[in-house]
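Worksheet: one structure, shown below.
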Amino acid sequence: MTRQGMRDDLRGEADSVVHDGTDDIDNENDIDNGIDNENGNGIDVVLVTGLSGAGRGTAAKVLEDLGWYVADNLPPELIAQMVDLGLAAGSRITQLAAVMDVRSRGFTGDLDWVRSELATRNIVPRVVFLEASDDILVRRYEQNRRSHPLQGNQTLAEGIAAERAMLAPVRASADLVIDTSALSVHGLRDSIERAFAAETVAHTNVTVESFGYKYGLPMDADTVMDVRFLPNPHWIDRLRPHTGQNADVRDYVLGQPGADEFLDSYHQLLNVVIDGYRREGKRYMTVAIGCTGGKHRSVAMAEALAARLAGSDALTVRVLHRDLGRE
């Protein structure tokens, strides 16, 4: 079952809740906490909660980037059903995260109920609690021009105070508390990645795309490299009909002076760039390699580069040959 299909099944008759944007932080203290998976049944469950505006939405996005199935603002009564679907799906879905907030009535009781329900399934959910100082929360709400969910006819500061008091018991029992007052989005991402580092590898998705310059540059490329410095197999009669995926063409291209040196140097350069992208929270990268027609040299070099990149456990690599078949 796809994530979207699972989400649709779970929502059923529940009303949709639109995320208001105030939980995406935009503002670094150092947090070095880790939380261990206590479940022995292969399903790991995390409940993300905390003060409105403290960064729950950002935390949810980080977990999703790390490969978790994330349900944002799922009604509490459906969280146990979400876990049941995860259990039924076997090992394909092993990490589930649910975002809970005070917009659900009787929030503290709801959280206790969810914990109790999951306990009957031999699952001990971990609770991540996000908070921030009052002045930071006020600033974030004012910047987003949103009202606090508990504000009502009160002032913004009073709404924040009411929520902080309501959630005090939840904070006290949380497995991990993150204060986002001085954290940027990247800082929060780093904190969550460190907390879950023992069980999750932060993969970067790299697409290596070959193309022909005569058809234009790929618009989605993050970096472009030109391999027209290599001799063109087009001018060799026995190679012309074939593509860079053909063994003879590949051996010809990779056997040229400078081909291996290029691949070694470019591979090292990309490792530096990818590490920088990862620190900045960028999880997707397109590397374009071009030749004249996108049939021989760029195809062979793209395949060879992708094979080198695929040796890293932190990368998910795919190859795309944009212009094959256009001639």
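Cβ coordinates come from backbone N, Cα and C, glycine included.
Per Swiss-Prot, the feature region 'Disordered' maps to 1-29.
The compositional bias 'Basic and acidic residues' annotation in Swiss-Prot covers 1-22.
Taken from Swiss-Prot, the feature ATP binding site applies to Gly50, Leu51, Ser52, Gly53, Ala54, Gly55, Arg56, Gly57. Non-local contacts of Gly50 (ATP binding site) by the CB criterion (under 8 A, 6+ apart in sequence, same chain) comprise Arg56, Val128, Phe129, Leu130, Glu131, Leu167, Arg171, Ile178.
Positions annotated as GTP binding site by Swiss-Prot: Asp101, Val102, Arg103, Ser104.
Taking only the Cα positions, the spacing between Ala54 (ATP binding site) and Asp101 (GTP binding site) is 11 angstrom. Of all the binding-site residues listed (Gly53, Gly55, Gly57), Gly57 has the fewest other CB atoms within 10 A of its CB. When other Cβ atoms within 10 Å of the Cβ of Leu51 (ATP binding site) are tallied across all protein chains shown, the result is 26. Arg56 (ATP binding site) falls within a helical segment according to DSSP.
The two recorded residues Gly55 (ATP binding site) and Asp101 (GTP binding site) have their Cα atoms spaced 12 Å from each other.
The local packing around Asp101 (GTP binding site), expressed as other Cβ atoms within 10 Å of its Cβ over all shown chains, amounts to 21.
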